[in-house]
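Q: So that we are looking at the same thing, I have put the structure below in structure tokens.
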């Protein structure tokens, strides 16, 4: 137990630092990066959640690859696990939404966000820090998944440029989905609401071409699944990795690479402003 | 409105919460001069936290005006934020990071350079007696240490005005004493403090002036001594040894009083409000002796803030209304 010092230490603090005008893209990015580093420091000090999420990614590949995989047939012909991996990459990006929302809610509960809000810093920075940190974590988990994929017989047969483009599309989707998570974390009050929202991740993931060809679904359901943003990214990356695809004549399937850019950008355009607005709206 | 020498000026501040009526404000007026400690005292739901959150730019309000460090809270929240520190009811430090990492983080977010933020963190850890634990994660800190770190984090830019919302809630007596000492030290350096508390002794310990808040209004305001004086000043109180002599004792001291004595036969306690404290005490001893009444615990008492609160609001301060 420490005690207060007896002697008065002269206050040599930077009391004369001129107040910085808040707002501005520069401070949003600088402060955002400071908070990204905070989140990364958390993972280093307390790696359990990161390890669990990586293990979850590996397990789900093994489950779908080996437990259900035997029953699956790929429309283009070819090995199911080759078809599966791009869908897995895409699906785990969706599962990040819940983690993002949880992290936002936890900070709100702890009062740290109140301190940030009462400081002369950019109001978008807290959210940007979260989204960028989660993007970094997703990049790590994607690398692990790619490694697992190679071990279970998946391979990318396209060029290095196509491979990089596919990875870029997957991470773009993750970044866009982070803002969905940030928004949900801000508007859903309490951990139980966030948990409730998380249970919707599976239906959203299954109602896409991530795991099965949408042609095997009832026609109307197949149309919905075709238009699921996850389907666009899964189909586009199958194409870029040179893996067997779902086939299908739908416009959205034929233009999957385009849609794998359009969907995330659209999500960003909607959920970034909504999130910033909700963050400011905490002023009630 | 308000002299430029005032750190906080609040006029006619109103805030309604939709649906609930607890915690809203119904026209709060408050002035806190520079370099003073104002204690905002009241039960749960009186509007203490609401007032602080509005002044710290965390909450909008419906009408009225609020200036902090000379800037309008509604119009220039950015300027206000650059001049305030806030210690809320929930610990607003990062539990996972060390104390030092916390202060460096907050320094960086105040846009200090990396070296300046590290130097400032070191200074503050020294000043708040946290140097020994500086590199331990905050989750291993005691409650008092955590609050001191919270205070340190609020002092990165040496703010002109510091808001403390129930700074010792949930602390043991030792933790409270540590926080009180830290607050006194800050005030000694010229920081203006607005402090909310439900603990009357805390306001008594720290505040130069007290504003008593009840159902969203300031119902009384003044130095702790002034508020107590409103109850009629001092009282002579004693316990009569023999229960059957309680009435005799009350009669004996009646002529001392500025009002009728109170006598409680059950706990044998007699009290009488008096004007001239010390003289009255000597006189009481003489009168009781002359009447042949033996007493214990004869004392001159100043009213407690509890009694002030009861007197001004008609309710005891500790009748906590749970409206959260």
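From the backbone N, Cα and C atoms, a Cβ is placed for every residue, glycine too.
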Q: According to TrEMBL, which listed range is transmembrane segment: A:47-68, A:223-244?
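A: In TrEMBL, residues A:47-68 carry the label transmembrane segment.
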Q: Would you mind telling me which of A:69-87, A:88-106 TrEMBL tags as transmembrane segment?
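A: That would be A:88-106, the stretch labelled transmembrane segment in TrEMBL.
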Q: Apart from its near flanks, which chain residues at least 6 from the ends of the transmembrane segment (A:256-279) lie with a Cβ under 8 angstroms of it?
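A: For the transmembrane segment (A:256-279), the far contacts come to 123-124, 126-127, 169, 172-173, 175-177, 179-180, 182-183, 186-187, 229, 231-233, 235-237, 239-240.
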Q: Given the transmembrane segment (A:47-68), which of the listed stretches A:88-106, A:127-157, A:200-221 has the most Cβ pairs that are under 8 Å apart from it?
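A: Most contacts with the transmembrane segment (A:47-68): A:127-157.
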Q: Are there residues at least 6 beyond the ends of the transmembrane segment (A:88-106) whose Cβ is under 8 Å from a Cβ of it, and what are they?
A: 39, 49, 53, 56-57, 60-61, 64, 127, 130-131, 134, 137-138, 141-142, 145-146, 149, 170-171, 173-174, 177-178, 180-182, 184-186, 188, 190-191, 194, 197-198, 201, 204-205, 208, 210-211, 230, 233-234, 237
